[in-house]
Structure formats: C-alpha cells, structure tokens
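Visitor: Pasting in a structure now, in structure tokens, and then I'll have a few things to ask.
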C-alpha cells in the first residue's frame, strides 16, 4: 500500500499521514510532483536483464518519453543478494538533487522516497505500480532498505542518466529508515 507522510523538516513532530491514492496524488501535485498508480502485472526473474524489463514496458516508457522529452531510461534492480546493495543504499540515502526532471516507475518491490521542498519533508512509500516524478533541483533521498527487493524504471531528460549533486546535509539521518518507517506508519 502506498503511503505519504508529511513532516516538518526538523522531524520533531507527528506527521500528517495520507493513505488513499488520489489524496496522495493531490497533495504531491501541490509541490509539482506527479504520483500515479499504473499496472505492473509482469513478473520477472530475480536476475532479469535491464533490456528485458524495459522491453516489457516499452509502450509506457515511449509514452513518457514523448510526453516529457525524456532522453534515456534505465532500470535499478537490487535484491537482497546484490553485491553492492550496501554501497547503493548509502549513496541514495544522502540528500541530493538532479538538474533534470525524473520519473520512477516501480515494476517490482518497494522503496521510500523523501522529498524536501521548502521546510517540509514528504515521505512517499512507493510500491509495485507506483509512478513518481522528482522535479528538477528538488532535494531528496531514497531508502531501498537493508534487504532490498526492487525493480524500478528510471527516466531522465538527459542522456547521462542518474547524475546526483549531493547537498552535504545530514537531514536524512533525522528521519526513519525504511524498516522503521514501515513499523511506525504502514
């Protein structure tokens, strides 16, 4: 189940909790973020190649490319046995921005996005079928969990793909990791 919690950036008071998909989409639209529920009915082997996953969703990827001018797409696929899962998690947990507009479509698994526009932090638990945009220059971080299980198509407006500009902030340390978030809010 997708979930949105909205926190003051201090992280010191109880958040607003939103569980219904249309309400999540409406609140995120207020900050320029697209949230949609898509069909993600295809099953993949744990070691499925990026091209296999992109080919399975080629029509959807092409529609998004045409609509938003995306130049590239890739797949982040991380399971509990991934040899670099700890390094990837540590990198994604650091607050950063991107100079381009990006979209994420979860085709398997889940992950926790934190968006930090202004003085609020929006935590979005994304699961299979969720599509989420990250507007350009929006401070954010992502937690895939200690035992990740996700396949996510990422679309970029630049050919370079995922290029992060890390802010140097430790704000991510003040908010719960995926496992604690699930215990408290899910």
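Quick reminder: no glycine exception, Cβ is built from N, Cα and C everywhere.
Positions annotated as Ni(2+) binding site by Swiss-Prot, on the basis of sequence analysis: 96, 98, 102, 140. Taken from Swiss-Prot, the feature Fe(2+) binding site covers 96, 98, 102, 140. The site 'May play a role in metal incorporation in vivo' annotation in Swiss-Prot covers 95. The site 'Important to generate the dianion' annotation in Swiss-Prot covers 104 and is backed by sequence analysis.
Locate each feature and note its surroundings.
Guide: Cβ neighbour count for residue 140 (Ni(2+) binding site): 24 (other Cβ atoms within 10 Å of its Cβ, all protein chains included).
The number of other Cβ atoms within 10 Å of the Cβ belonging to residue 98 (Ni(2+) binding site), over all protein chains shown, comes to 20.
For residue 95 (site 'May play a role in metal incorporation in vivo'), the same-chain residues that are 6 or more apart in sequence and have a Cβ closer than 8 Å to its Cβ are 114, 116, 139, 140, 141, 166, 167, 169, 171, 172.
Around the Cβ of residue 104 (site 'Important to generate the dianion'), the number of neighbouring Cβ atoms within 10 Å comes to 19.
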Visitor: Starting from the Cβ of residue 96 (Ni(2+) binding site), draw a 10 Å sphere and report how many other Cβ atoms land inside it.
Guide: 21
Visitor: Calculate the distance in Å between the alpha carbons (Cα) of residue 98 (Ni(2+) binding site) and residue 104 (site 'Important to generate the dianion'), and round it to a whole number.
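Guide: Spelling it out, the Cα of residue 98 (Ni(2+) binding site) and the Cα of residue 104 (site 'Important to generate the dianion') are 13 Å apart.
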Visitor: Within its own chain, what residues at least 6 apart in sequence put their Cβ under 8 Å from the Cβ of residue 102 (Ni(2+) binding site), listed in sequence order?
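Guide: Long-range Cβ contacts: 133, 134, 154, 155, 156, 157.
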